[in-house]
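Listed in Swiss-Prot:
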type	residues	note
BINDING	201-256	ATP binding site
BINDING	ASP329, GLU342	Mg(2+) 1 binding site
BINDING	GLU342, ASN344	Mg(2+) 2 binding site
DOMAIN	165-375	domain 'ATP-grasp'
Amino acid sequence: MSTENLPQSPEQPPRKPRVAVVFGGRSSEHGISVVTAGAVLRAIDRTKYDVLPIGITRDGRWALTADEPERMAITDRRTPSVEELAESNEGGVILPVDPANREVVYSEPGSVPKALGEVDVVFPVLHGPYGEDGTLQGLLELSGVPYVGAGVLASAVGQDKEYMKRVFTSFGLKVGPYVVIRPREWERDESAARRKIVDFAGEHGWPLFVKPARAGSSIGITKVDDLAGLDEAVAEAQRHDPKIIVEALLRGREIECGVLEFEDGPRASVPAEIPPAQSHAYYDFEAKYIDSTPGIVPAPLTPEETAEVRRLAVEAFEATSCEGLVRADFFLTEDGDFVINEINTMPGFTPISMYPQMWQASGIAYPELVDRLVEAALRRSTGLR
């Protein structure tokens, strides 16, 4: 489906496609999702699209929010919330449940539901669980509403660091050493689970990185230099996800590459390099979004290295059956190998984020990037494909 073949009324001028920008959510990345939505709302072409902002509160309520992107920015080192933007503390937005009817409804207790009109495409800019992990995508598939980005399977795989690495390995992509501690392992025998990590450290050395298995934006990650810090690091990761993954330190350069789906298939951007953090132990949430640690775009690589990382980024996109967009993160080791760390199916998408910067350097400015993603979603059908 494209903007040219939307149903039209003979009495009215052609209507513009309606884009619902959905943001916020129940994950730890709620605030940065709001910031991302503000950037999309500022950039989207209002002469081409009608826009409906829908925020999901931290407790999961779908709220009609003010279309005021200027209020959706980081201020005083603090990210905004949907609760601050919601037009009501009680009302809720209801998606269509009939694929033949894409009308969205707004309902408040004790009031007659109000029709908000049809939605032609959803632009979900949620990060983390309950938004980027296939749950929202499944809801939209059931509703028959096209949406930007990866489908159910790719979103689920792209959110779980363990299964992502398993898929990469099965397709011949190199991954670093890791060990997974599942919730039942820790609950059943903490000592045995701890020994599993200590044995891993004995094989691969300290430091280790202890991470929530299904979180992003570097939230909940701790660099652990020795056994003394392990329990605290595990507790911090488990605050965000009962399943954790522990990774060995890979010595090398951090290289990122964006992938964007075109009509003739996915293409990779110029790569970027994340320089070693000066005031941070690693490239964490504060470095990414608060202190805005700049990346180097394009990355200072040889032509051969650039071609190889772009090829591998597209291969990772294809291996996980992604759609729309992906940011692929690699380490370029001292041996000259590219080791894939992870993909992000909805990467940081503010104008200062690496994904838009890489495409800016590749010739696609932020507003055009938003437009290409919406157009790709409109062309795509829901259901099996």
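Each residue, glycine too, has its Cβ placed from N, Cα and C.
Structure coloured by features recorded in Swiss-Prot.
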{"residue": "ALA201", "record": "ATP binding site", "contacts (Cβ under 8 Å, 6+ apart)": "LEU208, LEU227"}
{"residue": "ALA215", "record": "ATP binding site", "contacts (Cβ under 8 Å, 6+ apart)": "SER27, SER28, GLU29, GLY128, PRO129, HIS240, ASP241"}
{"residue": "THR222", "record": "ATP binding site", "contacts (Cβ under 8 Å, 6+ apart)": "PHE209, VAL210, GLY229, GLU232, ALA233, GLU236, ALA237"}
{"residue": "LYS243", "record": "ATP binding site", "contacts (Cβ under 8 Å, 6+ apart)": "GLU162, VAL180, ILE181, ARG182, PRO183, PRO212, ALA213, ARG214"}
{"residue": "LEU250", "record": "ATP binding site", "contacts (Cβ under 8 Å, 6+ apart)": "GLY176, PHE331, THR333, VAL339, ASN341"}
{"residue": "ASP329", "record": "Mg(2+) 1 binding site", "contacts (Cβ under 8 Å, 6+ apart)": "GLU254, ILE255, GLU256, ILE340, ASN341, GLU342, ILE343, ASN344"}
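If you draw a 10 Å sphere around the CB of GLY229 (ATP binding site), it holds 17 other CB atoms from the protein chains shown. Mean per-residue pLDDT, taken over the domain 'ATP-grasp' (165-375), amounts to 93. GLY229 (ATP binding site) falls within a helical segment according to DSSP. Within 10 Å of the C-beta of ASN344 (Mg(2+) 2 binding site) we count 23 further C-beta atoms, all protein chains included.
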